[in-house]
Amino acid sequence: MAVTINTLREYKQKGEAFSALTSYDATFAQVVSEAGVDVILIGDSLGMVLQGHDSTLPVTMDQMVYHTSCVARGNKGALIMADMPFMSYGTVADALDNAAELMRAGAHMVKLEGTDWMKDTIEALSERGVPVCAHLGLTPQFVNKFGGYKVQGRDEKAAEAMIEHACELEAAGADLILLECVPAPLAARITQAVKAPVIGIGAGSDTDGQVLVLHDMLGVTTGRKPRFVKNFLAETDSIPEAIAAYAQAVKARTFPAEEHTFKA
């Protein structure tokens, strides 16, 4: 049975964790979905892991549409979420046009990075039938504003602001919240504060779901490994087995463990 946003809501209500993983092509989309992963994210992370850039900023709408269409052809029942790349949703009009392209390519949901300035955009998309995931915390498209890739929400003022933003974006129509590089206690507070399912990456084990970049969890990413990453291929004999092990570990809440978590 195909995973939908209602499936994720039911998981949250039952306290069952769900898994998400990036994919960028038809072959991996099939492998990931058949391994039991609930959500496939076509991330603008492709700019780094596929194209070799040092950020996600160079990724274009045409590239996101292309990879979304590839994933949609290979997918076997996972919910497909596509990133809207840098400045593709700077205005409501741009967001509507570009989200339509991704939905036509096969996405079931789009993901936007930002805070309360996105309320009008999320409301406009939601009213027109486009499900939205709001990405808070470390938002890679803002790397130049942050001065690097850093944990967000470490002081109480920033934490309270993030909780407020999550509630405001849910009220505007966000169906899903994604928290990246957020202290685990704050992620737990946000997960409890909103009715929408919350996906974490580097946000502890108390969120409703977990997401990783495919290349990271297979141990093939070069350079510095983020703290929240685990190499599942190192413990298995094949890529499909590694992906299935990841999905099972998320479901059992054995991943992320303490060593993958930011406490403060």
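Glycine too: its Cβ is placed from the backbone N, Cα and C atoms.
According to Swiss-Prot, the protein has these features:
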type     : residues                    : note
ACT_SITE : Glu180                      : active site, proton acceptor
BINDING  : Asp44, Asp83, Glu113        : Mg(2+) binding site
BINDING  : Asp44, Ser45, Asp83, Lys111 : 3-methyl-2-oxobutanoate binding site
Mapped onto three states, the DSSP assignment of Asp83 (Mg(2+) binding site) reads strand
As a whole number of Å, the Cα atom of Ser45 (3-methyl-2-oxobutanoate binding site) is distant from the Cα atom of Glu113 (Mg(2+) binding site) by 13
Rounded Cα distance, in Å, between Asp83 (Mg(2+) binding site) and Glu180 (active site, proton acceptor) is 14
One should report the C-alpha separation between the residue listed as 'active site, proton acceptor' and Glu113 (Mg(2+) binding site), rounded to whole angstrom, as 10
Taking all protein chains shown into account, the Cβ-based neighbour count within 10 Å for Lys111 (3-methyl-2-oxobutanoate binding site) is 23
For Asp44 (Mg(2+) binding site), the number of neighbouring Cβ atoms whose distance to its own Cβ is within 10 Å equals 28
Students should find that the Cα atoms of Lys111 (3-methyl-2-oxobutanoate binding site) and Asp44 (Mg(2+) binding site) sit apart, in Å rounded to an integer, by 10
Within 8 Å of the Cβ centroid of Asp44, Asp83, Glu113, the other same-chain residues by Cβ around the recorded Mg(2+) site are Gly43, Ser45, Thr56, Val59, Met84, Pro85, Phe86, Lys111, Leu112, His135, Pro140, Gln141
Cβ proximity for Glu113 (Mg(2+) binding site), under 8 A, sequence spacing 6+, ordered by residue number, returns His135, Thr139, Pro140, Gln141, Phe142
Under a three-state DSSP reduction, the secondary structure at Ser45 (3-methyl-2-oxobutanoate binding site) is coil
Cβ neighbour count (10 Å, all chains) around Asp83 (Mg(2+) binding site) is 29
